[in-house]
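Colleague: According to TrEMBL, the protein has these features:
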REGION    B:1-45  region 'Disordered'
COMPBIAS  B:23-34  compositional bias 'Low complexity'
DOMAIN    B:43-212  domain 'CobW/HypB/UreG nucleotide-binding'
BINDING   B:Gly47, B:Pro48, B:Val49, B:Gly50, B:Ser51, B:Gly52, B:Lys53, B:Thr54  GTP binding site
Amino acid sequence: MTAVAPAPAASCGVRAAARIVAAPDGRGGTALPVLHGEGPLVPRRTRAARADTAQVTVVGAMSAPLGGDHLRLDARVLPGARLAVGSAAATVSLPGRDGARARYDVRLAVDEGAELRWLPEPLIAAAGSDLAMTTRVELAEGARLVLREELVLGRAGERPGRLVSRLTVRRGGRALLDQEVALGPGVPGWSGPAVLDRYRAMGQLLIADPWFEEHAPGVVALASDPAEGEAVLTPLAGPAVLVTALGRDALTVRRLLNAGQRAAAPPAG
Amino acid sequence: MHLDHPETYPQRYAAAPSRQRRAPTPSSAPTTRPDGTRRALRIGLGGPVGSGKTATVAAICRQLREELSIAVVTNDIYTREDAEFLLRNAVLPAERISAVETGACPHTAIRDDISANLEAVEDLEESVGPLDLVLVESGGDNLTATFSKGLVDAQIFVIDVAGGDKIPRKGGPGVSTADLLVVNKTDLAPLVGADLEVMARDARAQRGELPVTFTALTEPDGIAPVVAWVRERLACWTAAA
Amino acid sequence: MTTTTATRAALLVLADGRFPAGGHAHSGGAEAAIAAGRVSDPASLEAFCRGRLGTAGLVAAALAAAAAAGANPLLLDEAADARTPSPALRMTARKLGRQMMRAARACWPSPALDALAAARPRGAHQPVVLGLAAAAAGLGPLDAAHAAAYEAVSGPATAAVRLLSLDPFDATAVLARLAPELDRVAELAVAAAESALDDLDALPAASAPLLEIAAEAHAAWPVRLFAS
């Protein structure tokens, strides 16, 4: 919910859903009993950095989302499994023919003792686009999560599109993080000195890990040049840290998020 | 004054004639802790910038810290400046000093909206155990700054001779209504051409029977008259329990 | 969820800048924005206030409205935590909540305020306390939302007057220009609060990244005029 006028209902867009389920394979690795995609969302198993982890890369088979599209991506990591998900390229939100808003809903669940590394490439709001994205994560108390979200307003040299992205994370059924960023034309004050100012890219990196229960980190101001970007790592009220980064471009934001991840990361388990 | 009204003035009414000034009235704040025991006596210290409020607080603490459980709340214009002076000079252990941030307006924090100060006092009582005396110091402010009766039981206004011997004559709520007026830095009087006699006479005219004391904190035991007054207040406070 | 005219004056008391609940020592992020050169005149102050109103202001207004409408204040407090990634801002919200609690109990004693004070002795998030205070004063959710939303912009405007020596007429004119948007935010907040009675996730979560980042930097300054 934001102070943004509701968009016309989606009319003739694409509806597509993809689904990933990761489970222990019984030999110390992770299997993917479900790996299903359609339309613009095609998840593929790719080579993983670690033997115990299943790596999935979501390949955008066509430009998406367009105005009016409704995409949905579900992933569940069953107890003890380890899943890493990335994307082959940045996702570009483009305007549709009738000005309708596009929707992209991501639903993630990470069970006890499981780990999910959700590290897609940036989402770029092209001029004239309008996308509402929601990411909802259900974490078991003993689950681990690394989740990155990067939002870029406009392609190079282009006016920004509109982007509303809500990230809701629950841990053991209780709210851990709930953040919605609404950016672009029609959002009051988004380019003002309280929200984004002159920056055109922002990113969030969330690390949730029971390890933080015993090792609560402090705030870390990530060294940055305000002309380029700025970022801070903050401990949340629960066992998790959030890196919030703003930058003139996606590259700066990625650099700041990586610095935050290095500053906060619990030992690899 | 309207004929229907009896000729009385509210506590500390700054424009009341001096003949009506009398001994300190107790604070309106509850006198007990949540557990029913009598809380610490709270004394506020106000006065213009540079008159020696922090030095007075430090001297009181040094004199009384062996026999009493004391804590200090500072209200700085800039965050923590006075608190840090007290810490650097090891007047009290750090856990007995709390700094309230005032949004550039110390007089608001000690008079109009005392919520942050009350919380600071209560937190100190909670964290360092039962206290006998809490000194609430205001950041250097103007002559109109006074403490709320909801915050302190008595207040000291500190001015100094170097600020000019006209200050008592000018009056203002601080000078005329404080429970104790301290005229500090008397050792500087000859250097700045201040007439202590004139200051005493003007103060009397403004304050009626309320006490005035002259101090030179640079001299050995220069704080003695202020400490004596604090002890007197403490004795009354304890006796009233 | 309508305002009863019989209690309207209580809203003036609650929303008065002189209500002794600690707000005077807080700039709502304006001090950091001014130091960064992002707020320097009435126009940039207005842009700052507009952004804060639509984010932190909307969330605070919805929390206050939901509390006034009878949602569980402890769950609202948890929802407020999840919507405040900056520990400095969480601390500020609880500190102000505790101060609001003191003032509210003195003005409008109520069992609901007592219960929250007992459950959160170090302070609940200020908008939750504000909502309960509004209810105790006989006000409705829309009143609570208005008070919270107004506070989200009046604090920075007052601070800008002190910090920039801004013409107070200009600063107040900014607030007057924002009034229609403030009404709309309050209405959105009440609609969200109504849905939140069934599902707390219906509460808005609008965030302002610069406010969060700057709040942490500000909290680490050795010298500052405002507490936040």
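In case you wondered, yes, glycine gets a Cβ from its N, Cα and C as well.
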Colleague: Sequence gap of 6 or more, C-beta under 8 Å: which same-chain residues meet both conditions with respect to B:Gly47 (GTP binding site)?
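Modeller: Listed in sequence order, they are B:Lys53, B:Ser138, B:Gly140, B:Asp141, B:Ala145, B:Phe157, B:Val158, B:Ile159, B:Gly174, B:Val182.
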Colleague: Between B:Gly50, B:Gly52, which of the binding-site residues has the fewest other CB atoms within 10 angstroms in the structure shown?
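Modeller: Each of the binding-site residues B:Gly50, B:Gly52 was scored by Cβ atoms within 10 Å; lowest is B:Gly50.
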Colleague: Let me check the 10 A CB neighbour count of B:Pro48 (GTP binding site). How many other CB atoms are there?
Modeller: 19
Colleague: Find the average pLDDT over the domain 'CobW/HypB/UreG nucleotide-binding' (B:43-212) in the predicted model and report it.
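Modeller: Residues in the domain 'CobW/HypB/UreG nucleotide-binding' (B:43-212) carry a mean pLDDT of 90 in this prediction.
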Colleague: List, in sequence order, the same-chain residues at least six positions removed whose CB sits under 8 Å from that of B:Val49 (GTP binding site)?
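Modeller: Set apart from B:Val49 (GTP binding site) by at least 6 residues yet with Cβ under 8 Å, we have B:Gly140, B:Asp141.
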Colleague: Tell me, how many other CB atoms lie within 10 A of the CB of B:Thr54 (GTP binding site), whichever protein chain they belong to?
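Modeller: The answer is 24.
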Colleague: When you measure from the Cβ of B:Lys53 (GTP binding site), how many other Cβ atoms are you left with inside 10 Å?
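Modeller: The Cβ of B:Lys53 (GTP binding site) has 28 Cβ neighbours within 10 Å.
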Colleague: When you measure from the Cβ of B:Ser51 (GTP binding site), which residues in the chain that are at least 6 apart have a Cβ under 8 Å away?
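Modeller: Correct list: B:Gly140, B:Val158, B:Ile159, B:Asp160, B:Gly163, B:Asn184, B:Lys185.
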